[in-house]
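Working notes for the structure below.
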């Protein structure tokens, strides 16, 4: 028993030592509470952040899928399945997926709609293009190009109800009250003004429309948190260097998670944007969280 306690104590001390090498003391300064001008642990001008984030995703686009598999040990696929399951897509819906350039969420939505429609028509493939519309919006052209390539490989490039749109989450080009659902996966922490992105989500949704957000979040269990932090700051940037020859971009991605609001605070921001029935579900102890809300 005493030996086990000593081992646990050593593990905790190792984690604290490793993490302190990467996290500047300014991160723990309560005065640095604004996420609007943060780029990872750095404080930057608002007009700089958008370009810096765009540069990150331009660099990681070609290796985005393989790095997601490596960093999450493939779990990101299950998390996205869970998101779409909560969404319950339906035939004839107008769906907007923001920061979804690679098409991961949009493809799942289309597959779910087609499966539901096929079941309803007893095996006959339904004609959905005149009603269903799925829009993939991303500010980064490189990420959109990855999605379009994947769509071509799946035969989705022939669909006239799947649309690729270059656009900013903070200034969407879609009309008011035009969408049945809005999703954003692993993207909202990268916008400059989260409140503005939430306001835009609320604006474009119809009454009764649903907002769902899948995002890397905050682990609360102390021992697990220390292990997770050690993995994040030591392993993930090294994987980025090894696989993509880009340690800095993945260092930013890790840091941006720590600057993102807690689950409770983010839920409050969603409510403040006007959404009701706001709730969240933690997955893997809070490594990721799915937030949802409804526009009434």
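Cβ from N, Cα, C; glycine included.
Annotated features, as they stand in TrEMBL:
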type	residues	note
BINDING	102, 138, 168, 169	S-adenosyl-L-methionine binding site
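Listed binding-site residues: 138, 168; maximum Cβ neighbour count within 10 Å falls on 138. Neighbour list (residue 169 (S-adenosyl-L-methionine binding site), Cβ cut-off 8 Å, at least 6 residues apart, same chain): 98, 99, 137, 139, 184, 187, 188, 191, 197, 200.
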